[in-house]
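Accompanying notes for the structure given below.
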Amino acid sequence: QDLPHVDPATDPTAQALKYSEDAANADRAAAARPGKPPEEQFCHNCQFVLADSGEWRPCSLFPGKAVHETGWCASWTLKAG
């Protein structure tokens, strides 16, 4: 089942967390999170993403919606393991 994609233009949570579908366009350096260098932080290696594969994946920060695998937000946290 395809979940609706998080829309950073209209989603208040996405705006608060500075979510971007393309991490290259996000200000990762200014909001640097521990675990990996900012340029290696993506939704696909974040603990909040709930799938191990797929271009669009469910995220626990956006219930019922999907984030892009190469996206990023200010809550990025390195996936354990």
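The backbone N, Cα and C atoms fix where each Cβ goes, glycine too.
Taken from Swiss-Prot, the feature [4Fe-4S] cluster binding site applies to Cys43, Cys46, Cys59, Cys73, supported by similarity to another entry. In this structure, Cys43 ([4Fe-4S] cluster binding site) is part of a helix by DSSP.
Of all the binding-site residues listed here (Cys46, Cys73), the one with the fewest other CB atoms within 10 A of its own CB is Cys46. Same-chain residues at least 6 positions away in sequence with a Cβ under 8 Å from that of Cys43 ([4Fe-4S] cluster binding site) are, in sequence order, Ala23, Val49, Arg57, Cys59, Val67, His68, Glu69, Thr70, Gly71, Trp72, Cys73, Trp76. Annotated [4Fe-4S] cluster site Cys43, Cys46, Cys59, Cys73; additional same-chain residues within 8 Å of its Cβ mean position, judged by their own Cβ, are Tyr19, Phe42, Phe48, Val49, Leu61, Val67, Gly71, Trp72, Ser75, Trp76.
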